[in-house]
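Here is the structure we will look at.
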Amino acid sequence: MQLVKIFAFAFFLGMASCTEHGDVRIIKKGEVSSEGNVEIFWDNDWMGICADDINTWDIDAVSVVCSQLNYPYATTPSITGYYSRSNVTYSIHDVICRGDEDVLLECSFLNYSIPEVECNNPASAACVTAEEVLVYAVCFFLSCMFCCCSTFVIILMCFMIASCPLAILATSSRRPADGVVIDDPTRPLMIDPNTNYKTKPPAYTN
């Protein structure tokens with residue numbers, strides 16, 4: 001009977017931790033609930049993605065990550081490698097995506113047989129919910145609606161959106177979504193309202 005309980009417990013643990021090869025997650029690095037370094041589950045371990053060639057990690061790659069994590073929108077992170085390096089090794093390099101892939105594994109990339117411990121530019125992503133897009137749109141509208149007296153004032157007020165209380169409330173009060181792991185929530189980050197938010201593009205055709 002005791003042996004049956006042990007097997008049942010082991011089965012339950014296996015079902016609970018259903019991480020699969022190619023799954024992705026975001027290591028949260030700030031107040032925004034879904035912005036930080038990207039990691040991929042590779043060879044039964046979480047590994048970082050290195051983007052030392054910054055031309056290979058772009059909004060298309062970020063869009064695939066966010067789509068895989070069930071976020072409706074993606075925006076480019078502040079700077080590739082902006083966040084501190086996570087305590088992981090790096091075997092995936094130079095990821096190139098079209099943007100219409102369902103999972104990151106469908107993108108092209110280099111797989112180093114011997115993982116590296118150093119990476120100057122860890123790949124990062126910023127995923128956005130529909131609610132956050134709406135909040136920033138409201139902040140933008142309210143900030144600019146009352147400053148039509150001069151171009152200078154319009155520009156000044158629109159730059160003040162970064163400190164909009166509604167935006168701070170909406171982003172800092174949300175718990176991290178599935179696929180987002182809290183790492184170092186010490187650095188306040190805001191999503192640039194002027195960034196070109198991107199939804200999942202239509203199917204790729206030759």
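Glycine is treated like the rest: Cβ placed from N, Cα and C.
Heads up, TrEMBL stuff is auto-annotated, nobody curated it.
Among the features that TrEMBL reports, signal peptide is placed at 1-18.
Using DSSP to sort the residues of the domain 'SRCR' (24-128) gives these counts of helix, strand and coil: 16 helix, 44 strand, 45 coil. Under the heading domain 'SRCR', TrEMBL lists 24-128.
As annotated by TrEMBL, disulfide bond applies to CYS66-CYS127 (among others).
As annotated by TrEMBL, disulfide bond applies to CYS97-CYS107 (among others).
According to TrEMBL, the transmembrane segment annotation covers 133-166.
Each of the disulfide-bonded residues CYS66, CYS97, CYS107, CYS127 was scored by how many other Cβ atoms lie within 10 Å of its Cβ, and the smallest score goes to CYS107. Restricting the average to the domain 'SRCR' (24-128) gives a pLDDT of 82. Distance from the CA of CYS107 (disulfide bond) to the CA of CYS127 (disulfide bond) is 18 Å.
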